[in-house]
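The structure appears right after this line, and notes come after that.
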Amino acid sequence: QGRILEKTGLCSQITFGRYVRQGRKLGLDPKLFIQDLHFDEVPVRVYQPKATSDERRRGILFFHGGGWVFGSLDTYEKVCRYLSRESDSVVVSVQYRLAPEHKYPAAYEDCLNATQHFLQHLEHYGVDPARVTVCGDSAGGNLAAAVSQTLAGRSDFPKLRAQILLYPGLQALDFNLPSYHQNRGVPLLFRERAAFFALLYLNGDALHMQEVLEGSHIPPDMRLKYTKWVSPDNIPEKFKVRGVRPLRPTDFIAEVYETVKRFCEPNLCPLLAEDSVVQQLPESFILTCEYDVLRDDGLLYKKRLEDNGVRVTWYHLEDGFHGIISLYDYCGFSFPSGKRGLDSVVNFLKSL
């Protein structure tokens with residue numbers, strides 16, 4: 001597989017992409033105490049407000065975005081500092097292993113292990129066990145949703161107070177939902193790239209990208225089973241007014257399914273979790289952007305949570321595009337709607 005990546009120029013492409021996105025080292029923060037540590041062998045960066053506090057603080061585990069392929073602690077440094085300062089919380093940013101070198105479930109396992117470690121050592125960081133939240137954007141939102149589901153039924157850890165999912169990618173069954181067609185060519189995430197990243201995370205290569213985009217990777221009976229959760233019918237009509245063309249169904253290809261069948265695992269595609277799991281999830285915050293191929297993943301999960309009695313705060317950026325939060329104060333430029341999105345997260349945190 002490494003050779004395939006080399007041949008297609010992928011490896012150098014990814015290395016370059018990581019270099020471009022790595023973010024600049026920032027100086028000290030007068031209001032925060034910041035340290036790099038390892039939680040259960042996973043590198044993390046912990047942000048703690050310096051001001052003394054009469055009560056124990058909120059704790060936030062932050063999983064960065066970047067399609068499971070890009071992103072680092074440095075890339076999200078400004079976002080994490082902002083969250084910690086503005087919400088007066090202890091933030092733990094997790095450097096999970098990246099694809100394609102480390103395939104699924106490496107990233108998920110790193111996030112879960114770091115979360116469990118933190119939950120066992122909250123006292124050391126002055127964190128209130130009743131106010132710990134997982135948070136992530138894009139691929140990080142996927143990881144936050146998966147970790148939240150895993151911990152939902154566990155009694156050996158403090159229960160998570162909330163999950164914050166910022167334009168999360170939550171399924172790889174259907175790359176033809178309305179938002180995938182409406183925003184197929186909108187930066188920062190094109191429709192093809194979404195399938196490409198999901199495949200790199202799953203298999204370390206993107207060999208069957210075309211078949212996956214066309215939908216021939218899922219058996220008809222399975223597609224039928226999941227229609228109740230993954231279907232344009234569950235998306236409010238107002239999101240379908242921009243051009244949506246129904247896709248002609250393609251023939252199922254069994255050998256493609258063999259290579260991607262783990263797409264049906266909820267740890268990889270949290271939208272496919274059973275109701276019994278979804279019912280146990282904590283209060284949720286979901287942010288969606290109008291100009292984002294992943295918009296409908298967020299809308300579908302919002303409906304699933306609400307249908308199962310989970311309280312959801314939904315924030316929709318009418319003028320937002322995918323990745324807008326990660327561009328907060330990025331190289332000196334920022335988008336007002338990205339700042340609004342970030343502040344909506346801070347306000348939600350303050351309400352917990």
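Glycine too: its Cβ is placed from the backbone N, Cα and C atoms.
In TrEMBL, annotation is done automatically, which means it is predicted and not curated.
Sequence annotations record features per position, and here TrEMBL assigns domain 'Alpha/beta hydrolase fold-3' to 60-207 (among others). Averaged over the domain 'Alpha/beta hydrolase fold-3' (60-207), the predicted model has a pLDDT of 97.
Look at TrEMBL and you will find S138 (among others) tagged as active site.
The domain 'Alpha/beta hydrolase fold-3' annotation in TrEMBL covers 251-325 (among others).
The number of other Cβ atoms within 10 Å of the Cβ belonging to D292 (active site), over all protein chains shown, comes to 27. TrEMBL lists D292 (among others) with the feature active site.
The active site annotation in TrEMBL covers H322 (among others). All chains included, 28 other C-beta atoms sit within 10 angstroms of the C-beta of H322 (active site).
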Local Cβ density at S138 (active site) - other Cβ atoms counted within 10 Å
30
